[in-house]
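Among the features that Swiss-Prot reports, disulfide bond is placed at CYS91-CYS107, CYS120-CYS140. As annotated by Swiss-Prot, domain 'Cystatin' applies to 29-129. Annotated motif 'Secondary area of contact' per Swiss-Prot: 73-77, in sequence order, evidence recorded as similarity to another entry. Residues annotated as signal peptide in Swiss-Prot: 1-26. The site 'Reactive site' feature in Swiss-Prot is assigned to GLY29.
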Amino acid sequence: MVHSQLPVAAPLRLLCALLLLPSATMIPGGLYPRSVTDPDVQEAAECAVQEYNALSANAYYYKQLRIVEAQSQVVTGAKYYLTMELMKTKCAKTTGKPKVYKEIQNCELPPKAQQEKLTCHFQVWSRPWLQKIELTKMSCN
């Protein structure tokens, strides 16, 4: 009786072991971790900071301190899910042409006692063939 179970048990154990291995294949529409230094992630972060400052009612610009986490999802294009830390700068938003990302990143920070840091969650949708990248969702605290 024991011998009759062996042919079934061995393949079943092998199948279970294979299912426990990390999968190298991508699941369509799934979220995947991305390196925070990846150029596509950096481009999405620039868009997020630029749009945050354009939409924010704050009188001062906020600059990127760091990207805490980055994930992407294949959609019609790519959607990036970013967790970022932003810091309020000394650069005031004045009338005229708004500052671009690189200018904002060069803004000085206030003294430690006056610093305001935000943790933000951004979703950025990139469609390179249309030369379009846009912020679709944000929340900061």
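Just so you know, glycine gets a Cβ as well, placed from its N, Cα and C.
Everything Swiss-Prot records as a feature, shown here on the structure.
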residue: GLY29; record: site 'Reactive site'; Cβ neighbours (10 Å): 9
residue: CYS91; record: disulfide bond; Cβ neighbours (10 Å): 18
residue: CYS107; record: disulfide bond; Cβ neighbours (10 Å): 17
residue: CYS120; record: disulfide bond; Cβ neighbours (10 Å): 19
residue: CYS140; record: disulfide bond; Cβ neighbours (10 Å): 13
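Spatially, by CA atoms, the disulfide-bonded residues CYS91, CYS107, CYS120 include one closest to GLY29 (site 'Reactive site'), and that is CYS120.
In this structure the C-alpha atoms belonging to CYS120 (disulfide bond) and CYS107 (disulfide bond) are separated by 19 Å.
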